[in-house]
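Here is what TrEMBL records for this protein:
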DISULFID  A:Cys24-A:Cys56  disulfide bond
DISULFID  A:Cys34-A:Cys45  disulfide bond
Amino acid sequence: MAEVELKTAPADFRFPTTNQTRHCFTRYIEFHRCLAAKGEESGECEKFARYYRSLCPGEWVDKWNEQRENGSFPGPL
Amino acid sequence: MIESQRHSYHLVDPSPWPISGSLGALATTVGGVMYMHPFQGGATLLSLGLIFLLYTMFVWWRDVLRESTLEGHHTKVVQLGPRYGSIPFIVSEVMFLFAFFRASSHSSLAPTVEIGGIWPPKGIGVLDPREIPFLNTPILLSSGAAVTWAHHAILAGKEKRAVYALVATVSLALVFTGFQGMEYYQAPFTISDSIYGSTFFLATGFHGFHVIIGTLFLIVCGIRQYLGHLTKEHHVGFEAAAWYWHFVDVVRLFPFVSIYWWGGI
C-alpha cells in the first residue's frame, strides 16, 4: 500500500501574517489565471489548486465558484 | 449698569434661549428616533424640534449681536472668549472629518477579499479626477484667497471693498456647491454601491455640508459688513468665519488627493 503524503501550501513570503485569508484568495485567483493562460491539459496549474484547497474554507470556494459562473466574482481574474 | 461697572467683563443678563435650545434639541432627537421607527407623529415632532432649534439660533445670535455691536459689551478681553473658543471648535471639526478620511483609507489601502482585493471595486465606474474635482479644488482655494482680500479690506477700513470681496468669496463658494451637486447628480455610483460608494459619499458629503455651513457664516458676515457692523478694530465674527473657511478649504485637499485622484485611477 502506497503512503499518502499529507502537506499544506508552502510558506509564501507575500503573506507573512497569521491571517492567511489573502493567501487563500490569491492562490484561488492564480489557479484560474493559470487555467486561462495554459489550459487544463498543461498540468502546471494543479499545484495552485492544491494550495488554495488546503488554505481556503470550502464555503468560500463554493461561493467564489458560484460568483464566477454568474459573472459577479469581484477579484482580478 | 455700565456706569457702575468697574471691570471690562460682560456679565450676561438672564436669557430664555439656553432652555429653549435644549427643548428644541430634545424634540429633534426624540422626533428623529420616532420618525426612523414605527411611531406616529415622528415627522411632526422632528419638524417642530428643528423649527424651534433654528428659531433659538436666530434669536440667540440676534441677542449676541445686540450686546456686542450695539451695546458695546464685547470689550477686548471679552473678545478673547469667542476667539479661543473657535480654535477647539475647529480642531474638533478637523477630527470629525479625519474619521471619514481614515475610514476611506482603511478600506482602500488594503481592500478586503470581499471586494476582490482591488480598489476601486469591480463594477464601480469612478469619476475622472481631472474633470469636476480638478476644477472645483482651485475654485474653493480661490474663495479662500478672496476671504483674505476681504480681511485686508476690513483692516484697511475699506468698507465697500470688503463687501465686494465677501460677495466674491460667497459666489465662488456657491459655484463650488453647484458643481459638487452636479457631480453627485451625474455620478455613476450611489452611496449604497459597495464600500467605495459609502466612503466616497460620507467623506465628500460631510465636507460639502461644512462648505454650506461656512457659506452661511460668510453670508452673515457680508450682510453685517454691508450694515456697517464690522470695524477695523472689532470684527471677531468675520475672523471666526475666515478661520472656518480656511479649515473647509484645506480639508478639501484630502478628498481631492486621496479619494478622487489616488483612489480613482
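Placed from the backbone N, Cα and C atoms, the Cβ positions cover glycine too.
In three-state terms derived from DSSP, A:Cys45 (disulfide bond) belongs to neither a helical nor a strand segment and is classed as coil.
A gap of 15 Å separates the Cα atoms of A:Cys34 (disulfide bond) and A:Cys24 (disulfide bond). When the Cα atoms are compared, A:Cys56 (disulfide bond) and A:Cys45 (disulfide bond) turn out to be 17 Å apart. The Cβ neighbour count for A:Cys45 (disulfide bond), using a 10 Å radius and every protein chain shown, is 20. Cα to Cα, A:Cys45 (disulfide bond) and A:Cys24 (disulfide bond) are separated by 15 Å. Taking a C-beta cut-off of under 8 angstroms and a sequence separation of 6 or more, A:Cys24 (disulfide bond) has the following same-chain neighbours: A:Tyr52, A:Leu55, A:Cys56, A:Trp60.
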